[in-house]
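**Student:** This is the feature table in TrEMBL:
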DOMAIN    B:65-120  domain 'Protein translocase subunit SecDF P1'
DOMAIN    B:123-218  domain 'SecDF P1 head subdomain'
DOMAIN    B:222-387  domain 'Protein export membrane protein SecD/SecF C-terminal'
TRANSMEM  B:243-259  transmembrane segment
TRANSMEM  B:264-284  transmembrane segment
TRANSMEM  B:290-314  transmembrane segment
TRANSMEM  B:335-356  transmembrane segment
TRANSMEM  B:368-391  transmembrane segment
Amino acid sequence: MSYNWDFVGKRKLFFLISAILLGAGILSLLIQGLNLGIDFKSGTRIDISVKQPVDVEQAKKEFEKLGYEHPSVRSGQEGKVLIFRTDEALDKEKVLQIQKHFQQVYGDSFAGFQEQRIDPVIGRELARNAIIATLLASIGIILYVTIRFEYRFAVAAVLALLHDALFVIGAFSVLQLEVDVVFIAAILTIIGYSVNDTIVIFDRIRELMDQVKPKSWEDLSRVVNVSIHQTLIRSINTGLTVVFAGAALFLFGGESIRYFSLALLLGLFAGTYSSLCLASQIWVVWKWRSMQRVKERPAN
Amino acid sequence: MKVRWGRLALFFVLVAAILSTIALTTRDILNNLTLGLDLRGGFEVLYEAQPLEKGQKITPQVLADTAQALQNRIDVLGVTEPELSVEPPNRIRVQLAGVPDQEEARRVLGTPAKLTFRDESGKVLLTGQDLKEGGAAQDYDETGQPAVRLKLKDADKFARITREHVGRIMAIYLDENELSAPVIREPIPNGEAIISGNFTVEEAKELADLLNAGALPVKLVEKQSFAVDASLGKLSLQQSLEAGLYGILVIFIFIIGYYRLPGLVASISLIAYAYLVLLTFVLLDVTLTLPGIAAFILGIGMAVDANILMYERIKEEMRHGKSIPAAVKAGSRRSFLTIFDANITTVLAAAVLFYFGTAGVRGFAVSLIFSIAVSFLTAVALSRILLNLLVRANVAKRPGLFGVKGDEIGEL
């Protein structure tokens, strides 16, 4: 291969980059938390579709007329969707009142109305189940990879997937983007992709380990570097095709899945990065330590 | 080596068969897909059944009866294909797609079913709560006609009311719908009444069910609701399909540009993949939601991975100096386990997700699992078969067709 970038040698840099990014995310989570959608908080969300772009300030005034103080209104989809959110679980009559009011205000350009109301209990349950699901999935992955490979690979793969999930959650906290139930699905897709990507590289490392049987740190790190290089084109190409799909969803998929697509895109980048720059590096450091320990033991 | 026309013909026949099957049946499949409320508009509400009286237990039976009661009210609305699902321990999810009058639907569902017994002037004499739970049953009267037998909680109260209303009508209402208007013939002392009329057995049974359902002392509290305008649902569907189309086109251009002949094979198997995934959705009656479509489109991106893994391996083998047929053989064999290991871990994650997820997330997990299974089938089996046919037909002779440059090939 003409390119010979030292992925293992740069490991400290990668660890540092990830530590900074995750640190910022965690800090943001601690300070400002997540901008929870009504799925996780009690409240109502109303989406009003309009045929022409709308004036958000004007819409805010309309909501004030209906008695909502400082209404949270934003627009999406080139201004053609008006999104109103309140922490109050509005009853049917109030929702109807809003619908009727805006039907009048926009007249013929009123195109559609969507309403969602959730009790926080349900949202909390969902979030709890998602966390349990992630942990169980992690355990399942560790078990499977341990049986097929070895436990160091398994733990490194799981650390990489937790990194990716945490990175996206952190990014959503920093940018204060709204987190809803679909976000959970996005995180879980990211986890699936991340593992997939990591396993392919580990598979190659294992194959080379059987052939080379490295004794020194140089040998070991060369095995990892060669493995990454041999699968690099595949990693990039697969990453690209998935990003094509994710980007198409983000650009053309409509307002309702915009944040879902964004989470996916961020996660796909994180997943490719962690597979190339973190997972193998965690493994190689760990593996080298245990190799040295084995070496020392007979001497003692 | 001469071109083997038989193999080549087989390749084209196979491709033509696949593409024409897809072209001919896709419309039917698309029409048979169950779309979620977010894609076709409609109304979903999640109720929590709460006891009306202290100490009352919400049993699975009570929940099932309540669901039946809701079903009856939906029938009043004339909604086709309502979907009710009981979610233990105490929840009922109602989905109404394509409701003509969403407002009315909300009102009818939102107010708890109320069963009343009224006199001619409309005065309420008894309510559903006076009935014993499960106290109504289909039976026969003394003439052998189908009738409904009722048991009441308070025999004295019933005796007093019937005594006061002998010879008059005591109409039974579920909300404002008159179910039956029996005449009280004589005072009833023991708290057991028989309603006879010109019922068929089915009608009597239905009335008994309605009475039992109406008699349930359960309070339904709306925990979650979701309403999408039909036009908005349509827009979402259209947008996500458009997004999918663009995404897939770019993917095709990319893999054909990069992998040349194998890329073309991959594109064909990806089309088959997309088709088969949709087919499994129809066969298993998976409800397609917006995130489901997103997962499906993303799945196409991921399904390419199996092909890419294989082609990269093949290229590697070719660079090591193997002949094209040998490289294809070795490459597909050596990539198999990697593809398997990588996919099984994702399936594992999706399975856990399915087990713990709620309705929406479950649909997503199911889509993911089937996408992976089908991608395995098409990428590993179909791509290999097609590529092997081409290779054995001796048409794929130049490394350039695989995107391998001549000077990259080392000596064996």
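Glycine too: its Cβ is placed from the backbone N, Cα and C atoms.
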**Student:** To the transmembrane segment (B:264-284), which of B:290-314, B:335-356, B:368-391 is linked by the most Cβ pairs under 8 Å?
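**Tutor:** Stretch with maximum Cβ contacts: B:368-391.
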**Student:** Taking the domain 'Protein translocase subunit SecDF P1' (B:65-120) alone, what is its mean pLDDT?
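**Tutor:** Value for the domain 'Protein translocase subunit SecDF P1' (B:65-120), mean pLDDT as a whole number: 72.
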**Student:** Short question: which residues 6 or more past the ends of the transmembrane segment (B:290-314) have a Cβ under 8 Å from it?
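**Tutor:** Same-chain contacts beyond the flanks: 36, 38-39, 236-237, 240-241, 243-244, 247-248, 251, 255, 259, 262-263, 266, 269-270, 273-274, 277, 327-328, 330-332, 334-335, 338-339, 342-343, 360, 363-364, 367-368, 371-372, 374-376, 378-380, 383-384, 402-403.
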**Student:** Summarise the domain 'SecDF P1 head subdomain' (B:123-218) as counts of helix, strand and coil residues per DSSP.
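**Tutor:** Summed by class, the stretch gives 27 helix, 37 strand, 32 coil.
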